[in-house]
Amino acid sequence: MGLKKFLEDIEHHFEPGGKHEKWFALYEAAATLFYTPGLVTKRSSHVRDSVDLKRIMIMVWLAVFPAMFWGMYNAGGQAIAALNHLYSGDQLAAIVAGNWHYWLTEMLGGTMSSDAGWGSKMLLGATYFLPIYATVFIVGGFWEVLFCMVRKHEVNEGFFVTSILFALIVPPTLPLWQAALGITFGVVVAKEVFGGTGRNFLNPALAGRAFLFFAYPAQISGDLVWTAADGYSGATALSQWAQGGAGALINNATGQTITWMDAFIGNIPGSIGEVSTLALMIGAAFIVYMGIASWRIIGGVMIGMILLSTLFNVIGSDTNAMFNMPWHWHLVLGGFAFGMFFMATDPVSASFTNSGKWAYGILIGVMCVLIRVVNPAYPEGMMLAILFANLFAPLFDHVVVERNIKRRLARYGKQ
């Protein structure tokens with residue numbers, strides 16, 4: 001018996017009146033994961049397309065894989081470098097024995113020595129990322145299924161993307177209970193309360209991270225959370241620039257200066273999925289080509305960022321080093337690239353009119369630079385900039401639609 005035949009034979013048990021009716025949401029999610037549903041619209045207009053919401057979400061999920069794999073490799077590499085910088089000999093062995101991430105890596109064939117290869121770095125990074133992702137997926141999935149069962153509709157595939165995006169924008173050292181709490185806030189408060197997928201006006205992943213930032217700032221920001229090494233403290237490159245300009249960009253674990261190419265490739269501490277602009281560009285090119293992400297929004301974000309950062313460069317400052325950060329550094333530091341490619345382009349919380357997308361993107365770019373440069377307490381600004389722009393997205397669309405209506409009335413109203 002083939003899989004499709006098996007799913008068809010048991011379908012009636014999950015339909016209204018069947019003995020497993022309450023589990024229809026789970027059955028539908030599993031069935032449509034493997035096969036495109038044969039549903040058609042009952043009224044005109046009819047559009048036939050095998051790419052449904054689930055396929056779109058899977059494409060976005062696959063698009064973040066380059067950043068995810070590089071992030072695991074980089075997280076492991078940064079941790080190993082920091083450990084060997086702080087400890088050696090018996091002291092290093094004792095540290096490894098006391099941390100399950102370290103000894104599990106060695107048990108699986110890796111090494112924590114300074115000559116560790118890419119496999120060891122990937123293994124160590126995976127021991128940090130995969131538990132976070134699994135926690136986020138299970139806890140968030142529980143809330144998603146619960147709301148679907150209460151509302152008696154199919155599981156919304158939007159969480160498939162929300163879960164991995166959230167896991168990629170947090171530090172590798174985030175406690176698992178906080179990861180569960182953050183995704184709970186994002187799914188329940190920022191999405192399901194407003195009706196679920198397609199009705200939320202805030203990006204759920206960013207809303208969850210913002211909740212953690214304000215509720216538990218010690219585990220989501222500062223100098224202790226970005227490198228997964230016991231006893232190690234090291235600021236992100238963005239924080240270092242804020243403190244002393246380009247000359248302050250030093251990788252404390254290796255003692256080497258951080259170049260622009262290091263930041264572009266992703267050889268710097270940071271959130272798991274945000275460090276490599278190159279990997280993010282690869283994924284972004286795919287979803288833009290597939291028509292999932294709007295190039296207008298991405299272009300607007302770049303325009304807003306370049307214009308305001310250049311203006312600050314011209315103004316200059318002797319007391320605030322962030323005034324002197326060029327636009328190409330803004331692009332590769334912090335969460336700018338990840339936010340621009342995968343958060344700002346969220347089709348639900350972003351503007352949907354073409355002109356609105358430009359305004360929405362420009363606002364994000366401007367607000368990100370403004371927060372980074374002017375706010376001395378918070379060097380990163382992309383998260384707050386996108387959430388702020390989410391609030392204005394409906395206004396942009398309303399203005400565009402009203403202007404189009406007035407223009408057409410003026411053109412054809414008297415005929």
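A Cβ is built for glycine as well, from the same backbone N, Cα and C atoms used for every other residue.
Annotation source Swiss-Prot lists transmembrane segment at 23-40 (among others).
Residues annotated as transmembrane segment in Swiss-Prot, with sequence analysis given as evidence: 56-76 (among others).
Sequence-distant contacts of the transmembrane segment (129-149) (same chain, six or more residues past either end, CB-CB distance under 8 Å): 22-23, 25-26, 68, 71-72, 75, 155-156, 159, 162-164, 166-167, 170, 172, 174, 176, 179-180, 182-184, 186-188, 192, 196, 272. Marked as transmembrane segment by Swiss-Prot: 129-149 (among others).
Residues 61, 64, 67-68, 71, 75, 79, 125, 128-129, 131-133, 135-137, 139-140, 143, 204-206, 208-209, 211-212, 215-216, 219-220, 224-226, 228, 271-274, 335, 338, 342-343, 383 of the same chain, all 6+ positions outside the transmembrane segment (164-184), place their C-beta atoms under 8 angstroms from a C-beta of that stretch. Feature annotation from Swiss-Prot assigns transmembrane segment to 164-184 (among others); the stated evidence is sequence analysis.
Among the features that Swiss-Prot reports, FMN phosphoryl threonine is placed at THR236, with the record citing experimental evidence. DSSP classifies THR236 (FMN phosphoryl threonine) as coil under the three-state reduction.
The feature transmembrane segment is assigned by Swiss-Prot to 275-295 (among others). With a cut-off of 8 Å between Cβ atoms, the residues of this chain six or more beyond the transmembrane segment (275-295) that come close are 56, 59-60, 62-67, 69-71, 74, 263-269, 331-332, 337-338, 341-342, 345, 347, 350, 357.
Per Swiss-Prot, transmembrane segment is recorded for 297-317 (among others). Listed by sequence, the residues of this chain that lie at least six past the ends of the transmembrane segment (297-317) yet keep a Cβ under 8 A from its Cβ atoms are 284, 288, 323-327, 330-331, 336, 340-341, 344-345, 350-351, 357-370, 373.
The list of residues near the transmembrane segment (325-345) in space but at least 6 beyond its ends in sequence, with Cβ under 8 angstroms from a Cβ of it, reads 60, 63-64, 67, 165, 168-169, 203, 205-206, 236-238, 241, 246, 260, 263-264, 270-271, 273-274, 277, 280-281, 283-284, 287, 292-294, 297-298, 301-302, 305-306, 309-310, 312-313, 360-361, 364-365, 368-369, 372-373, 379-383, 385-386, 389. Sequence annotations record features per position, and here Swiss-Prot assigns transmembrane segment to 325-345 (among others).
As annotated by Swiss-Prot, transmembrane segment applies to 358-378 (among others).
According to Swiss-Prot, the transmembrane segment annotation covers 381-401 (among others), on the basis of sequence analysis.
Residue environment of THR236 (FMN phosphoryl threonine) contains 25 other Cβ atoms, counted within 10 Å of its Cβ in all protein chains.
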